[in-house]
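Annotated in Swiss-Prot:
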- Lys141, Glu178, Tyr179, Asp187, Arg211, Ser212, Asn213: ATP binding site (BINDING)
- Asp248, Glu260: Mn(2+) 1 binding site (BINDING)
- Asp248, Glu260: Mg(2+) 1 binding site (BINDING)
- Glu260, Asn262: Mg(2+) 2 binding site (BINDING)
- Glu260, Asn262: Mn(2+) 2 binding site (BINDING)
- 104-287: domain 'ATP-grasp' (DOMAIN)
Amino acid sequence: MKIAVLSRNPRLYSTRRLVEAGERRGHQMVVIDTLRAYMNIASHKPQIHYRGRPLEGFDAVIPRIGASVTFYGCAVLRQFEMMGVFPLNESVAISRSRDKLRSLQLLSRKGIGLPVTGFAHSPDDIPDLIAMVGGAPLVIKLLEGTQGIGVVLCETQKAAESVIEAFMGMEQNIMVQEYIQEAGGADIRCFVVGEKVIAAMKRQAKPGEFRSNLHRGGTASLIKITPEERMTAIRAAKVMGLNVAGVDILRSNHGPLVMEVNSSPGLEGIETTTGKDVAGIIIEYLEKNAEHGLTRTRGKG
């Protein structure tokens with residue numbers, strides 16, 4: 001197969017591994033800088049141009065679209081879909097998963113466990129908003145934040161009010177969530193490929209920190225997940241319509257709670273921790289499922 005990898009940087013671990021895994025299995029792998037692809041939208045025959053030439057003959061496309069280029073990246077991916085190229089994850093599923101609030105609304109509708117979450121616009125509603133999630137300590141999250149940036153733990157009511165007021169004053173969209181103390185600064189990253197959890201790791205925040213992101217100095221270790229956690233991760237990816245997803249789960253006193261569903265999960269942490277050839281499993285999934293013109297919009301909303 002001829003497989004496109006949409007990535008800003010061919011030297012990134014995840015991009016490199018996907019290219020290696022594809023080439024090892026006899027496929028032609030082409031890395032395309034997402035922001036350098038351009039399109040004639042109204043042309044009768046959909047096309048994408050790159051460095052002065054049309055992109056042709058692709059069987060599948062692997063989107064590795066960073067959060068900051070979601071809008072343009074999804075437009076390029078949509079154009080590939082119009083050309084009948086099979087996407088590892090569909091554009092509509094990626095844009096759905098990048099909207100944190102929309103994601104939680106969809107997961108909630110399907111009865112998937114979530115931390116109690118509040119959202120408001122007016123500063124007048126701050127006391128009610130805090131009460132809604134059970135009071136302090138609580139977590140405040142910027143809706144546009146990634147990799148733990150824009151996530152604040154407020155240990156007192158006063159601190160929570162001040163931080164929420166500050167964010168609202170800057171006209172930033174935030175959500176307020178209950179703090180799951182019993183998780184002890186740890187979460188579980190479940191790597192889902194084609195309705196199976198193919199690998200899982202526990203991420204533990206460094207001492208004095210509550211965010212477990214590896215980018216923030218967290219450490220990763222092997223973990224045995226429960227059948228309920230496995231089912232939760234698979235269902236969450238399915239609701240979002242993602243074939244490949246990193247589902248982040250907290251262990252709480254009332255079962256697994258989904259924190260986030262990531263449509264472009266990094267491979268380095270999960271491969272290094274588990275020793276699994278995740279890139280190879282992704283290429284295998286494409287071999288079994290990539291059919292020309294097969295873009296089914298999975299998930300609803």
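Backbone N, Cα and C atoms are what each Cβ position is placed from, and that goes for glycine too.
Annotated features, which come from Swiss-Prot, shown on the structure.
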residue: Lys141; record: ATP binding site; DSSP class: strand
residue: Glu178; record: ATP binding site; DSSP class: strand
residue: Asp187; record: ATP binding site; DSSP class: strand
residue: Asp248; record: Mn(2+) 1 binding site; DSSP class: strand
residue: Glu260; record: Mn(2+) 1 binding site; DSSP class: strand
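Sequence-distant neighbours of Glu178 (ATP binding site) (same chain, 6+ residues apart, CB-CB distance under 8 A): Pro115, Val116, Thr117, Val133, Gly134, Leu138, Val139.
Taking only the Cα positions, the spacing between Lys141 (ATP binding site) and Glu260 (Mn(2+) 1 binding site) is 12 angstrom. Asp248 (Mn(2+) 1 binding site) has a Cβ environment of 21 other Cβ atoms inside 10 Å. A simple way to gauge crowding: the CB of Asn262 (Mg(2+) 2 binding site) has 21 other CB atoms within 10 angstroms, across all the protein chains here. In this structure, of the binding-site residues Asp187, Glu260, the smallest number of CB atoms within 10 A of the CB marks Glu260. The Cβ of Tyr179 (ATP binding site) has 18 other Cβ atoms within 10 Å, all protein chains considered.
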